[in-house]
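*Asks:* Heads up, here are the entries from Swiss-Prot:
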- Ser1: N-acetylserine (MOD_RES)
- 1-142: domain 'Globin' (DOMAIN)
- His59: O2 binding site (BINDING)
- His88: heme b binding site (BINDING)
Amino acid sequence: SLSTKDKETVKAFWSKVSGKTEDIGNDALSRMLVVYPQTKIYFSHWKELTPGSAPVRKHGMTVMKGVGDAVSKIEDLTAGLTELSELHAFTLRVDPGNFKILSHNILVVFAIMFPNDFTPQVHVSMDKFLAALSRALSEKYR
């Protein structure tokens, strides 16, 4: 679980990166679709799935807005993300294993884009936060 220190670290790091969420989301989603091509099945209705394409960029921004929303609800992610969990479980039917894949790609992009700020402590706290976020999004699958 997230310690008080982890929560403080996540909030502080988010305040540094939140102005770049469109680029972070685009790169993370682009990487996921290339490195884990099986994830493309969820986006087969898009006209273009190439890295940086308009649909990828738009959905990457949507994802990162969701992450930002989760940061603001860090004290109770499960309750705070009920609606998003229901959407992914019942409407979109996304395999919850994909949350872990996307989380990994978000961490990779953080490391690339913010090498000085993405310290080992930030890495640990963000990894724990994204894992908690993934668990909260998976809540309605049970």
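Each Cβ is built from the backbone N, Cα and C atoms, and glycine gets one as well.
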*Asks:* Fill in the CA-CA distance, the residue listed as 'heme b binding site' to His59 (O2 binding site), as an integer in Å.
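*Replies:* Cα of the residue listed as 'heme b binding site' to Cα of His59 (O2 binding site) measures 14 Å after rounding.
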*Asks:* So what sits near the residue listed as 'N-acetylserine' in its own chain, CB-to-CB under 8 Å and at least six residues off in sequence?
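*Replies:* Residues satisfying the criterion: Lys128, Ala132.
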*Asks:* Which has the fewest other CB atoms in a 10 Å radius around its CB: His59, His88, the listed binding-site residues?
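*Replies:* Across His59, His88, these binding-site residues, the one with fewest Cβ atoms within 10 Å is His59.
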*Asks:* Give me the DSSP three-state residue breakdown of the domain 'Globin' (1-142), ordered helix, strand, coil.
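*Replies:* Taking the domain 'Globin' (1-142) as a whole: 110 helix, 0 strand, 32 coil.
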